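First comes the structure, then the notes that go with it.
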Amino acid sequence: MDVTASGTSTIHYNIPDTSITTLVPLPSPLPFFERLKRHCYGESSPGEFPLAASPSIVLHVLTACNLDPEDLAKLEATCSFFRHPANFAPDFELSISELAALDMCQKRAIFKPMTDEECQSLKRKCGGSWKLVLRFLRAGEVCSRREKSQAIAGPGHSVAVTVKGAVYSFGANNLGQLGLGTTEEEPRPQLIRSLQGIRIIQACAGVARTMLISDAGQVYAFGKDSFGEAENGVLGSKQVTTPQLVESLKDIFVVQAVIGNFFSAVLSREGRVYTFSWGDECKLGHQTDATDIEPRPLLGALENIPVVQIAAGYCYLLALACEPSGMSVYSVGCGLGGKLGHGTRTDEKYPRLIEQFQTLNLQPMVVAAGAWHAAVVGRDGRLCTWGWGRYGCLGHGNEDCESVPKVVEALSNVKAVFVATGDYTTFVVSDDGDVYSFGCCESSSLGHNAVDAQGNRQANVLSPELVTSLKQQVNEPIVHISLTNSIYWNAHTFALTESGKLYAFGAGDKGQLGTKLPENQSEQCKPVRVDVDLS
C-alpha cells in the first residue's frame, strides 16, 4: 500500500509470522496463492494489505463504523489507497473516503428526499466535498435533536414532541397557542389530534404562538396570527386555534424554526436562514416593513455559507455556520448589553462573524440566545457566555457585562455538551448527564431551593451550581433542557432524559408544567414528573 511522505512517523506492527496451517491442522495442503505485496510507510520491504484487493469491504467497514468526517480526511491524508478513485458507482472518480461520506449522508432523513441537483448544490455550498456535507448534517443533529423527542418551555405554555412525531401541548391558551381548537387553559398534556398522519420533528414556542416542523419540511403555526412578536402591541390579534400550514414557506424545506422578540426565523435544509418581520432599517439583513410576513433570506456574509443552527433572543439572532475551515458563529440585530459578541454594544444590520472563538481556539458546536445574553458550547466541552450579566446569568461569579465570549472557568472540570438560556438564566448539561444552572432564581426555574431555612428568598446564583434536585429525583442522565426565554413571563424549565421521561419545575400558574399544582401554589420548586411518554 503506497503512502505519501506527509511527515507521518513510521508505525511498526509486531505481528507473529505464524502460518495458519500450524494453528489449524488440515487434511491436505492448501494451494499457494501469490499475495499482493505493497510498500507501506516508505519502507523498502513490502508489507501486506489484503483488504486493498477488496475495496468494497473497506467501504462497508468505513460506513458501518460511522466515522467522523475528520477521521475520513485523516485516512486520505495518510494513505493514497483512501484518496485515489475507487471506480464505484454512482461516481467512479470518488475516493473510498468520499464514497463512505456520501453513503452516510444518504442515510440521513433530511438528505434522503433531496434531488441530485439539490445534493450537488449543497456539496458546492459546503466546500466541494461529501465529507464536509456529512459534517454539516452531523452538526445539525448534535445541536437540534432532530428526529428525537423534545419538550419546549414557552412563555406560559408548553409543547412536547414524541419520537414518533406526535405533539402534546398544555398551559396558557388565550389565543389558541395550544393548537387544540379551543382557547381554554389546559393543565395536563393534550394530544393535538388534528396533526394525525403528520410526523413533527421540531417545535418552537413564543408568546401566544407555536410553530411546528414536519419531517417533510413543512411549517405549521397556530396562536397569534403574526410572525412578528410584539408582546405588548397589536400584532397578531387574530386567533388561529388549530395548526395551519404556513403557505409562504411551502416551497422551502425547513428544518428549524425560532421565535424571537419582534421577529421569527427559519432554517432551510440547505442551511439558508429566512426571517420574518422587523426588517425596517435593515435590522435583520433585509429592508421590509416591520409587519411583513413573507420569508426574507438573511443577506450578507451567510448567503453562501451553510448554517446548521439558529437561536433567537431579544431583537437579535445567532447562527452556527459550517465553513470549510471549521464551525463559526455569526450574530445580527440589536447589540444592547454586548450580546452580539463583537466587543461593542452597537447594532449589526447584517450577520457578522464573532472572531473571539478563533482567539480562544474553540470550535462552537451548540449556540443559545437568551433574552439579553448568549452562550456557546465548544467541541472540547468548554462553555462560553457573553452579554448582559445581570443576576449572574453569565456564570462568571459577578453581574458584569461581557461584550465578547468568555470561558466559564467555574466549569473547567466539566465537559459541557448542551446549553440553554432564558431571561437572565442559563442551564448546562454535562457529558455524564448532570445539570448545572445559574442566574436569576425567580419562579424557582433554576431547580435550586427557592427559599432558605428561614423562609427568605434565595439570592441569585452567580456561578454554576449542580442542580441536585434533578440528580436526586431522576435515576438516569439528562440529555436536554428547555426553559422559558421571554422578558414578560415567569419562567419554567423542562429536563428530558434519553428514555423520554420529562421533568418540570418553575412557574406553573397557567398549567405550563403539565401537572396541576396545589391550591394557592403558583410554582414548583422541585422537579416533578410530567405524565406524558415521549419515547
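Note that Cβ sites are derived from N, Cα and C of the backbone, with glycine treated the same way.
On a predicted model such as this, the values are computed, not experimentally measured, just so you know.
Per TrEMBL, repeat 'RCC1' is recorded for 165-216 (among others). Under DSSP, the residues of the repeat 'RCC1' (165-216) split into helix, strand and coil as follows: 3 helix, 24 strand, 25 coil.
Among the features that TrEMBL reports, repeat 'RCC1' is placed at 217-270 (among others).
If you look up TrEMBL, you'll see 226-530 marked as domain 'RCC1-like'.
This prediction places the mean pLDDT of the repeat 'RCC1' (271-323) at 83. Annotation comment: TrEMBL describes 271-323 (among others) as repeat 'RCC1'.
Counted with DSSP, the repeat 'RCC1' (327-380) comes out as 7 helix, 25 strand, 22 coil. Under the heading repeat 'RCC1', TrEMBL lists 327-380 (among others).
The repeat 'RCC1' annotation in TrEMBL covers 381-432 (among others).
Look at TrEMBL and you will find 433-499 (among others) tagged as repeat 'RCC1'.
Positions annotated as repeat 'RCC1' by TrEMBL: 500-535 (among others). Across the repeat 'RCC1' (500-535), DSSP helix (H, G, I), strand (E, B) and coil residues number 0 helix, 13 strand, 23 coil.
Ranked by Cβ pairs under 8 Å to the repeat 'RCC1' (500-535), the stretches 165-216, 327-380, 381-432 are led by 165-216.
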